[in-house]
Amino acid sequence: MSEPIVLGIESTCDETAAAVVQGRTLRSNVVASSMEEHARYGGVIPEIASRAHAEAFVPCVSKALADAGLELSDVDAIAVSAGPGLAGCLAVGVSGAKALAWASGKPLYGINHVIGHIAVTQLQFGPFPKDTLALIVSGGHTSLLHVGDVARHIDVVGTTLDDAAGECFDKVARLLGFPYPGGPHIDRHAQHGDPHAIRVPQGLTQGKAGAKHPYDFSFSGVKTAVARWVEGERAAGREIPVDDVCASLADSVATVLAKKAMRGCRQYDSDTLIVGGGFSANSQLRAKLLEFGRSNGVEVRIPELRLCTDNGAMVAMLGVNLVEAGVAPSAPDFAIDSAMPLTKVSM
Ligand code: KG4
Ligand code: ZN
């Protein structure tokens, strides 16, 4: 099989998505989001998301195949996110994918959604170099990974000890009165602010804690510092300089992520950094990573915006990697895993 054709299906959170990838070529990419239905609750409501998946599953998969000009019988394999994610949401995608696989006799791979976020960069930049470093920044994860082989071998080099970067942004956004998800609002306001207006700590970068946790992250201190400052200003009756608050927060978070990622690349002798996850859409982080990459001689591979947030292409791409590597498909009775560890690529 020279260029495997894989149908990828995604339903971990609020996006129902399906896509077809052939080798390193994206042949179709369909995404339906239920985010608007959650916004007024200030967070994703699992039951609403599950129902939306049940409604969108067949239309999404049908459109992905039709856009690629294919029938289900034309694909070499099906891949579906088996975790981590919301249990009810995962159950819809995985049950649907199992039915398709059983009916068509195609092999099925239950894949790790988070690893899909980094795998997707291959559509733009080609195959991974061997032994490379990856930075995962999604809503729930902030981790540095050593990727020996994306289909089989991944180690966690560092991870957040408390909040993920995306969570930290979403929490500060709520404090500033932005609707959920707040990350993109902080991004937009930060573009007009002064990143040095407010002193914001850079967690685990200095002193003993920094030395003990060179590759780990902590964003709860950042969140608390910004919250205290804003509350203090409000109590004093002063107007909050929202753009400056956003810019200072974004600069601190982006600088810590970029510094630690570059340090990891040096330590692991990697001249490439793969970046993925919803938070990699953040423009301050993208700029900072590219800047640090240039001065450290590291090629930084960040997905184009539409492939940063959840999609089916990331699932299909990782499916292609598994087929190419000759990894056995998942057993027909594989279970979903809401807390799937980052070291597990497929079920
Ligand atoms: O990976 P993702 O789509 O969902 C998970 O799998 O967790 O990531 C969603 C996260 C949310 O916290 C959202 O606020 C954040 O990514 N996000 C952003 C931006 N776009 C999405 N954060 C900052 N700036 C952005 N432009
Ligand atoms: Zn995600």
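The chain as shown is numbered from 1 upward.
Using N, Cα and C of the backbone, Cβ positions are placed for all residues, glycine too.
Caution: TrEMBL annotation is automatic and unverified by curators.
As written in TrEMBL, here are the features:
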DOMAIN    26-316  domain 'Gcp-like'
BINDING   His113, His117, Asp310  Fe cation binding site
BINDING   Ile136, Val137, Ser138, Gly139, Gly140, Asp170, Gly183, Asp187, Asn282  substrate binding site
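Remark: Ser138 (substrate binding site) has Val114, His117, Ala164, Gly166, Gly276, Gly277, Gly278, Phe279 as non-local neighbours, by Cβ distance under 8 Å and separation of at least 6 in sequence. Checking the binding-site residues Ile136, Ser138, Gly140, Gly183, Asn282, Asp310 against ligand 1, the ones with a C-beta less than 6 Å from an atom of that molecule are Ser138, Gly140, Gly183, Asn282, Asp310. As a whole number, the greatest separation of Cα atoms within the substrate-binding residue list Ile136, Val137, Ser138, Gly139, Gly140, Asp170, Gly183, Asp187, Asn282 is 18 Å. Sorted by the number of other CB atoms within 10 A, the binding-site residues His113, His117 start with His113, the lowest. Ranking the binding-site residues Gly140, Gly183 by how many Cβ atoms sit within 10 Å of each one's Cβ puts Gly183 at the top. Asp310 (Fe cation binding site) counts 26 other C-beta atoms within 10 Å of its own C-beta, drawing on all protein chains shown. Here the C-alpha separation of Asp310 (Fe cation binding site) and Gly140 (substrate binding site) works out to 13 Å.
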